[in-house]
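Inspection log for the structure reproduced underneath, given as structure tokens.
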């Protein structure tokens, strides 16, 4: 509860014109929250409707961390004073709504804040995006999410009638296919599953750097978190139909991986790689075994940090060359050799090279899905191979080769930007040393 009050008391900070003071307050709150880690499989109750186990804790901590990094990445808005106080207010509103979403013990409270978290994200994209097409991207995001969330509300009324409560603790398995579709469709769109993923690349490309970071870092994880929470409702239905979701996710992941290799837009490539990775996480959840659940959480955390870091790197290049094209951003190693190291570190983490958390997540998910059905092995091999292919493609095309002749002036990377990348990479590679913590909630 202290953290929730802390978030509310941070709101007056938006009127302060000191960038680093705001940032220090956000990071201080993140570290204070980190101290609250409990090492058991218990639910730490905050109030009647709010509580945390390790699943909630890890995703709330990720939300706080990414939101703090969003402020660090957006110093340009502060310098131009481009509605800076409103921008900070949106981030605070987003942090509060994400805290209440991940911390809710009641399905209706979860649904309420799940939808509310969409509003600040939409304002970030429409208010601070780059091109006029951001309006289209905002409409895509809004309609995809709202259209599938209405059946979920009907499903909640049914659950209330059935159990006389909407608390997660009292849910028991129900053999009802219509309920399965109504309840899970909103999470399939959010994670996003192949076929209903079209809003994601649009939203990423049109969003400002902060919007891309929160979309990749946390908003996709809302879908995975929701599935992990409600899967115990659908143990019986899941045995019959989850195989179809696994097949769609794996085949979709293969198709998306091939699309990544032929992208020329850096942001589009990273956005599509998110769909591919989250398809693997979705397959793991659908296998309904311990390794699948553990691997899904690990990959969600790893992807949140890695993908957000890659968007930051793409934005650093965009701010200097004013282009997202891979072919116009080539040969950057000649101009910024030290940044090439960060490109390599984050691209290698994206392809699940050790010691990144992605490696553990993919190993757990590959074990889980291949045990579920041996026929998935070929598509898993394809996914892992092409994950390496498009990560190396992104790194080699942007860093190697001759510099584009149209670039005639360039300013170097500053300490703030190195700090931003460092704070993405360090937790991504150090968390693997204590990764068994992430299995204690199951």
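Using N, Cα and C of the backbone, Cβ positions are placed for all residues, glycine too.
Straight from TrEMBL, the features:
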DOMAIN    3-101  domain 'NADH:ubiquinone oxidoreductase chain 4 N-terminal'
TRANSMEM  82-102  transmembrane segment
DOMAIN    104-382  domain 'NADH:quinone oxidoreductase/Mrp antiporter transmembrane'
TRANSMEM  108-130  transmembrane segment
TRANSMEM  137-158  transmembrane segment
TRANSMEM  178-200  transmembrane segment
TRANSMEM  212-231  transmembrane segment
TRANSMEM  243-261  transmembrane segment
TRANSMEM  268-287  transmembrane segment
TRANSMEM  293-318  transmembrane segment
TRANSMEM  339-357  transmembrane segment
TRANSMEM  377-397  transmembrane segment
TRANSMEM  418-441  transmembrane segment
> Averaged over the whole of the domain 'NADH:ubiquinone oxidoreductase chain 4 N-terminal' (3-101), what is the pLDDT?
Replying inline: 87
>> Out of 82-102, 137-158, 178-200, 212-231, 377-397, what stretch is closest in contact terms to the transmembrane segment (293-318), meaning most Cβ pairs under 8 angstroms?
In response: 212-231
>> Are there residues at least six beyond either end of the transmembrane segment (137-158) with Cβ under 8 Å to its Cβ atoms? List them, or say none.
In response: 107-108, 111, 114-115, 118, 121-122, 125-126, 129, 166, 179, 181-183, 185-186, 188-190, 196, 198-199, 202-203, 205-207
>> Restricting to CB pairs under 8 Å, which listed stretch, 212-231, 339-357, 377-397, is in contact most with the transmembrane segment (418-441)?
In response: 339-357
>> Six or more residues beyond either end and a Cβ under 8 Å away: which residues meet both conditions relative to the transmembrane segment (377-397)?
In response: 250-251, 253-254, 257-258, 260-261, 263, 266, 269-270, 273, 276-277, 279-280, 310, 326-327, 330, 343-344, 347-348, 350-352, 362, 366, 369-370
